Amino acid sequence: MATVKELKATARPAGGKGAARAERRAGRVPGVIYGDNKPPVTISVDDTELRARILAGRFLTTIFDVELDGQKHRVIPRDFHLDPVRDFPIHVDFLRLGEGALIRVSVPLHLKNAEGAPGVKRGGTVNIVTHTVELEAEAESIPQFIEADVSQLDIGSSLHLSDVVLPKGVKTLSREDLTLVTIVPPSGYAEELKAAAAGPAAGAAAPAAAPAAGAKAPAAGAKAPAAGAKAPAAPAAKKK
């Protein structure tokens, strides 16, 4: 179940870029809460607190209770913008969560038992093909990450989305045959396989060649009688 975090906000009047710049100069980040068939509410949050939340990771999959004028709004971040030069937040959007509402989120993939995989023990490398998975779930059921157990993967093997057990109440929006992880062979692995395959073939060829070579011996010996047959034809002794 998702952990709900607290975040304090202050209502701000709707305004243009000038009002937003004034908020930033005061150390606050302008934002908005919208959704659930209710009017949007313009807010501002403390710059330091928001930056810490973003840097902590998984910001866009974290549920917040935003406290505003004594009331709490259950929300999930939908977007945020950073200053292109100084890399600090300059705007944030929150989606208001109604009861039982289904939320689409992108959740990171975490690996389990990677070092115990047979392919890794044989020198292979884990290659993460898909880093995030698109899911749909109720707000309280959104997982912080999806765990993929790769303990059975050998060199050349792959793990697909269909091999992963999703938490209860969570549905994937991606293809079931989506490749998540593969084990890449080490350098020179293909040459080793060729050499291993060539070894038995060469061993089988050697015994077959031996009889062929031996078969020539009788043929060579067969010529000996022919040479000996000429011996009686030597000149006879002259008569006196």
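Cβ atoms here come from the backbone N, Cα and C positions, even for glycine.
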Per Swiss-Prot record, range annotated region 'Disordered' [choices 1-23, 139-161, 162-184]: 1-23
The region 'Disordered' (1-23) - residue tally per DSSP class, helix then strand then coil: 7 helix, 8 strand, 8 coil
